[in-house]
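Here is what TrEMBL records for this protein:
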type	residues	note
ACT_SITE	HIS135	active site, proton acceptor
BINDING	GLY68	substrate binding site
BINDING	HIS144, ILE165	acetyl-CoA binding site
DOMAIN	4-78	domain 'PglD N-terminal'
SITE	ASP136	site 'Increases basicity of active site His'
Amino acid sequence: MSGLIIVGAGGHSKVVYDAAREMGLWDRYLFVDGGLAQDSFLGWPLVKSLNDSNVVREDYKDLVVAIGSNQVRHKLLMQYAEQGFNLPVIKHPTAYISRGAVVQPGTVVLAQAAVNYSAQIGLGCIVNTSASIDHDCQLGCGVHLSPGVRLAGGVKIGNFSWVGIGSSVIQHVAIGENVIIGAQTAVIRDIEDNVTVVGVPGRIIKRHG
């Protein structure tokens, strides 16, 4: 077996590491985070940059970016893909991904999450703990579904949008790009790009660039 590089050494990286470890595909891990002073994380080596390390590429061919910021995560994934790293889908063993779903590289699907038939998940998404994506949903690149999010069938979500914890979206609703959906929001109508939405039912409270 080879090793897995995990970019990021914060809270989200802990659950990504746990899911990867449970998959049983890697026998060593290397964390990369330029913002920390220590040289280890979760018992594994931590380096500030791959350029500063003695990593042997034959030992670490796979890489996942475990950073919460959607735009930053996507940018780093693209950079590392250009450098030739494999970007596996990280799927916790208790999560379900239908054989009829399409999940793009660099996405993480965490414990008890479900991705149902004909769903399409873009590059570098986070399907967090117990999130549910029903049939025919389409997620763009860098989307984050927080724990407990529920998407009914046919929902579309644009690039880099974030759906907050416990929120629900009814069937066939389209959510734009760079949208923030607050916690426990009920989305019952289409949402334009670049807005923040909260409440039951969801309402726009802020517009941003």
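Backbone N, Cα and C atoms are what each Cβ position is placed from, and that goes for glycine too.
Remember, predicted model here, so these are calculated numbers, not experimental data.
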Among HIS135, HIS144, which are recorded positions, the residue with the most C-beta atoms within 10 angstroms of its C-beta: HIS144
Candidates GLY68, HIS135, ASP136, namely the recorded positions, that fall within 10 Å of HIS144 (acetyl-CoA binding site) by Cα distance: GLY68
Distant-in-sequence Cβ neighbours of GLY68 (substrate binding site), under 8 Å, six or more positions away: GLY10, HIS12, ILE126, HIS144
Average model confidence [pLDDT] within the domain 'PglD N-terminal' (4-78): 93
For ILE165 (acetyl-CoA binding site), nearby residues of its own chain (Cβ under 8 Å, 6 or more apart in sequence): SER146, PRO147, GLY148, VAL149, ALA183, GLN184
